[in-house]
Amino acid sequence: MVWCLGLAVLSLVISQGADGRGKPEVVSVVGRAGESVVLGCDLLPPAGRPPLHVIEWLRFGFLLPIFIQFGLYSPRIDPDYVGRVRLQKGASLQIEGLRVEDQGWYECRVFFLDQHIPEDDFANGSWVHLTVNSPPQFQETPPAVLEVQELEPVTLRCVARGSPLPHVTWKLRGKDLGQGQGQVQVQNGTLRIRRVERGSSGVYTCQASSTEGSATHATQLLVLGPPVIVVPPKNSTVNASQDVSLACHAEAYPANLTYSWFQDNINVFHISRLQPRVRILVDGSLRLLATQPDDAGCYTCVPSNGLLHPPSASAYLTVLYPAQVTAMPPETPLPIGMPGVIRCPVRANPPLLFVSWTKDGKALQLDKFPGWSQGTEGSLIIALGNEDALGEYSCTPYNSLGTAGPSPVTRVLLKAPPAFIERPKEEYFQEVGRELLIPCSAQGDPPPVVSWTKVGRGLQGQAQVDSNSSLILRPLTKEAHGHWECSASNAVARVATSTNVYVLGTSPHVVTNVSVVALPKGANVSWEPGFDGGYLQRFSVWYTPLAKRPDRMHHDWVSLAVPVGAAHLLVPGLQPHTQYQFSVLAQNKLGSGPFSEIVLSAPEGLPTTPAAPGLPPTEIPPPLSPPRGLVAVRTPRGVLLHWDPPELVPKRLDGYVLEGRQGSQGWEVLDPAVAGTETELLVPGLIKDVLYEFRLVAFAGSFVSDPSNTANVSTSGLEVYPSRTQLPGLLPQPVLAGVVGGVCFLGVAVLVSILAGCLLNRRRAARRRRKRLRQDPPLIFSPTGKSAAPSALGSGSPDSVAKLKLQGSPVPSLRQSLLWGDPAGTPSPHPDPPSSRGPLPLEPICRGPDGRFVMGPTVAAPQERSGREQAEPRTPAQRLARSFDCSSSSPSGAPQPLCIEDISPVAPPPAAPPSPLPGPGPLLQYLSLPFFREMNVDGDWPPLEEPSPAAPPDYMDTRRCPTSSFLRSPETPPVSPRESLPGAVVGAGATAEPPYTALADWTLRERLLPGLLPAAPRGSLTSQSSGRGSASFLRPPSTAPSAGGSYLSPAPGDTSSWASGPERWPRREHVVTVSKRRNTSVDENYEWDSEFPGDMELLETLHLGLASSRLRPEAEPELGVKTPEEGCLLNTAHVTGPEARCAALREEFLAFRRRRDATRARLPAYRQPVPHPEQATLL
């Protein structure tokens, strides 16, 4: 600013002095410091004596002139110029001993006292500029020695002056620092170090230089900090018993160093075995005397000066010694029945070569013990702990230096290994948040330690073990899912068991083993799913390009849904040679699981092939490249495609061809003429809820490009497109497969149901046919063995019950002959043809109140009969023969009439006009009893149904049946077939009133009130014998119908009749009395019965029907009166001994079979063998 102000004043003075006498000249004088210079001034006249005047020299910036001379008086001189200035040659000023500060503007003035002109005061002055050149000189420098704490900043300032102005630079150890770098910066002669380090210490030199010379200044920077190790220790190897030295030297400021040595982080002076043999020298070296094997290890040198953290340096000491056994236990336990190990604790340096074993003082030969081997460390491995392992063992190890000797003897003991008292299950499934207790306990000698570990990731503080060693997970968390192991270990052995814990009700677990296979413009991502948490999980693949700049942390991730059940996905449309990040996310109904680890992969570029030589480049038109960057976007208007034009186009682009497909179908042309100027297209004609793939092909002239990249898009939820209405061929394969499978399953199910129904109907029809055709098979007794003791007479124990065996019967039953209507006697030589006989109305055969077949009255004969039939009187047997065409197998339990000519269950008889139904016969009443229906153990009897008051009567074929000779009266006095059986007392109706009226009345009440008749319980059908004719069926008790249609059981001793007292057939409220079947045979434990009524019972029913239909009264035998034949048969029942009883029973059966065979021999229908007859043979 001073120089600027001086120049301004000087210019003002010059401008003012320019008037009248011209412009004054400015003189510049240059001098060197220390020398002299003359500032010229020629204002005095050159010749003559000048007038009286005053000479002044002014310096710009000074208030007073620096030099004033008046006449001969002594000059007045500024103190800064005293002794250095004087006039020379008039008014010129000579300055000696120039200084740098003398540089500046000077003005010379001469005032003539005799010529005072005020306006010319400034005219007698001239300006002179003095320039003083000097070498550089430092005005400010740092101290010669500077101490700075490590890691603190420091600034070194160096300021120099001179003319010309000098340039200041900094050097460190002779190297120019320039503008500085890193932590060091140099600017305007100032050196700044932001953070002083150990390497920053040294001598810094400041140098100021110009054309007049240079000046330097040195500063030593001392960094206060911890020592620096300049000579670290080195690894050493020494034989045992030799001395070793480990060097260690450090430098530091301040230099008050203290060295410390450590072995394996323990001060060597604190180790008792090293303390008497270790020395630390002044230079920091460690001296170790008489090394031992235990001296081997890592030794660390730590120098310290008390500042901050001291450094350290380590070296490893290796001691070589022969192989030796450290500590052989006196006893070694081995687990019984498990593998075991006899260890030989060995140490050796150089490494162990081999170990020799002795057992009981003799060399051990492993080849004599199968399963024994030696491990790499020399231990004996025993495959199975048994008595062969017992003994005393000793081992001797060897290495390249030899051996230190054999080991002490160890004695092998056999002990039981730990055994689990309670093992965990293989798997546990539990809801999250609940408590899970997994038991695990073991025992052994010594007691084992039971511990739980989780394989893989562990749980911190979430798993507890109670006093019983059971694992407690409270509460159960998602992290507890996985594989757990329970181990029990002691000195004998270690055993372990494991279990898997599945935590339900959680989000999916992270997927594992994510791998990415790079493909051209794509990548194939695969993974292993984790546990789904108990719900169906779905996967999605996330990917994004890797950021090229590290400071860019935001990424736009793209996700692709994975089909259900898949564990891989192909990611298309990636840029080649660009790194992408991939991750897989699992989700279920409860939320999302964690992302998998991120995997990097770069898609490969399309393979390139070398171009074939062709025309010069000027003649080859550029090829047409495919469209670029095809993207499909879902919009409210539909699917919108965006793309970029091809990069290479030989000439004008004509257009594009849009192709598309669904799933894995073939490509179809959707739009063959897309304008070449278009870069977007709204795709029409799509179907809702379909996944489409699109691609573009460009064409220009005769050139057609390759297809562009494929763009995938789903139309799910786009209402602008119609729902699926295409042909079944366009259905997705899973849906189509499901529909076809459902239709096939339904068809197969219907077909199987039809076949099963047909088969069941055929079997039911066959079973019914066999039941109709089959009658009770005859009983054939095998020859008796040894006779039983007499004391066995009358025994009712199960041992006395006859055992039966079912066999086939070649003889047709009487029921077949009765059902088919064939005569039982000798066939007539001229039998009437079926056509001439004509149908006869049949009397319904019903079951009586006691369960037996009974007959009702004969039906009135038709009005139209042949002459022979009208003239010939009807016998009761002929009239009763019609009754065998009735059956009581109707669902309601009422008698159902059947036709004799056609009894097939498949083809029912043709409908005929209904006729008045006759009253039910005794046999049908018998069959309609509720307890008789309960006696059908085969389950074929239809259940009782509630009667309908408006139910129409069942159809009955009233055509007459041919008269059978079997039903004719015998020549001998008629004897009831029932009377031929022992113990049978039959009351025939002898009064004018037919006895069937009581039965009809009772049957009517049964039909009207079937629900009021209690059925006999099924529990009453208790079998006491293995035969079919034994007491397997409980006989009906003697009952009397009450007003409500029920029956009451008589006293146990009542065996006379069903009606109590003197009541007989003429009474309407009673029915015929029948004795218990238990008294019909000589054997009280056996009866000639079967599942269906027997032959004799049917014959007896026929006889009863004949007796009840006779017009003439017959005398009714009194109750308890027996015929001579009955008495004879009854007397046979009182035999003594099982052998006699069996012989009598055999005679009775042989007589019965002779009568039956004689009867069936006359029936033609019985000459044909029955398909599946049965016999009951007494074993």
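Glycine is no exception: its Cβ is also placed from the backbone N, Cα and C atoms.
Marked as compositional bias 'Pro residues' by Swiss-Prot: 613-626, 826-836, 906-919. The compositional bias 'Low complexity' feature in Swiss-Prot is assigned to 785-800. The feature domain 'Ig-like 2' is assigned by Swiss-Prot to 136-216. The feature domain 'Ig-like 4' is assigned by Swiss-Prot to 322-410. Feature annotation from Swiss-Prot assigns domain 'Ig-like 5' to 418-502. Annotated N-linked glycosylation site per Swiss-Prot: ASN188, ASN256, ASN513, ASN524, in sequence order, evidence recorded as sequence analysis.
Here ASN513 (N-linked glycosylation site) is positioned 14 angstrom away from ASN524 (N-linked glycosylation site), judged by their C-alpha atoms. When secondary structure is read from DSSP and collapsed to three states, ASN513 (N-linked glycosylation site) falls in the strand class. Put simply, ASN188 (N-linked glycosylation site) is 38 Å from ASN256 (N-linked glycosylation site) when counted between their Cα atoms. In the structure shown, the C-beta of ASN524 has more C-beta neighbours within 10 angstroms than that of any other entry among the glycosylation sites ASN188, ASN513, ASN524. Calculated from their C-alpha atoms, the gap between ASN188 (N-linked glycosylation site) and ASN513 (N-linked glycosylation site) amounts to 62 Å.
The secondary structure of ASN524 (N-linked glycosylation site), as reduced to three states from DSSP, is extended strand.
Cβ-based neighbour count (10 Å, all protein chains) for ASN256 (N-linked glycosylation site) stands at 11.
The secondary structure of ASN256 (N-linked glycosylation site), as reduced to three states from DSSP, is coil rather than helix or strand.
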